[in-house]
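Before I ask anything, here is the structure I am working with.
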Amino acid sequence: MTTSLTAPRASARPPVESRRKVRESLGERVAPYAYVAPFFLIFGIFGLFPLLFTFYVALFDWNPVAAHTFVGFDNFSRLFDDPRFWNALWNTISIWILSTVPQLLIALGLAHLLNHARLRLATLFRMSMLVPYITSVAATTVVFAQLFDRDYGLLNWLLHLVGAGPVDFVQSTWGSQIMIATMVIWRWTGYTTLLYLASLQAISRDIYEAASVDGAGSWKQFRHITIPSLRPVIVFTIVTSTIGGLQIFTEPLLVSRSAPMTCGPVRQCQTLTLFLFEQGFGQFKFGYGAAIGVTLFVLVVAFALLNFLLSTRIRREKP
């Protein structure tokens, strides 16, 4: 009598455990997308859709209560032939130059002082840098309007002491732009200072000590150690200040209380965003206003690309 022996079958994996592992694996793959989905949903509703719709409106003579007439690129042709557009563009650029250059230089100097090891109450001074940034723009405008007032302003009082006549800062072209630029400098210098300060604190003290041993003075250390180490942050602040300067709106709107949309009788401080606001919501030329918005968007994207190219080049050159 013979007995045949067969190997026992491997026990099958319980179906419950198999399904659990499948769910865990699926959850690991889906979870990252679920975490970022709210951002893309909000961006699509409040960012991408308005942008695409603006491009669409710019191609029409848009009337909110009647039929829309397709005009193609006529709005852009009118825009580039409009002297008011070039005036607004020039005002925007001049205000940006008057505000950005002093702002970055002052911020660099303040960051260097706040980084000094022997500075007393350093934390208090560093925290105070954010006070202008969190102050309401409307409140800032009220204060600066008093400082630059033609009849009772502090600046005109100082000019009177040295024998100069009063300056109507609000009504003059350069005066109004200097006033707006000063407000921008006041508001953003502290924020930029903290960016520079964070980068300065990342530089090793050993580098400065080695430079001192080699005979390098404070100026040489600043030129050959501090500035090269801050190059990426300097490029970042220049480009972000430029993008912010192209979109400046609140300060010039509040400066000229008699004609806020045009920023004065001769449009002496009207920026691109104010020109867009005037045409789109003041005169209800939505197609023309959308063309201004598209042009402004192209300018902002151009500077963003410039930021990317400069940052990439600096990273490659950095040893």
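Positions of Cβ are set from backbone N, Cα and C atoms, glycine also.
What TrEMBL shows for this protein is this:
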DOMAIN    89-307  domain 'ABC transmembrane type-1'
TRANSMEM  33-59  transmembrane segment
TRANSMEM  93-115  transmembrane segment
TRANSMEM  127-148  transmembrane segment
TRANSMEM  178-198  transmembrane segment
TRANSMEM  230-249  transmembrane segment
TRANSMEM  286-310  transmembrane segment
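For each listed feature, how buried is it and what is near it?
Counting same-chain residues at least six beyond the ends of the transmembrane segment (33-59), those with a Cβ under 8 angstroms from any Cβ of the stretch are 70-73, 75-76, 286-287, 290-291, 293-294, 297.
With a threshold of 8 Å between CB atoms, the same-chain residues lying at least 6 positions outside the transmembrane segment (127-148) that come near it are 110, 114, 154-156, 169-170, 175, 179, 182-183, 186-191, 193-194, 250-251, 254-255.
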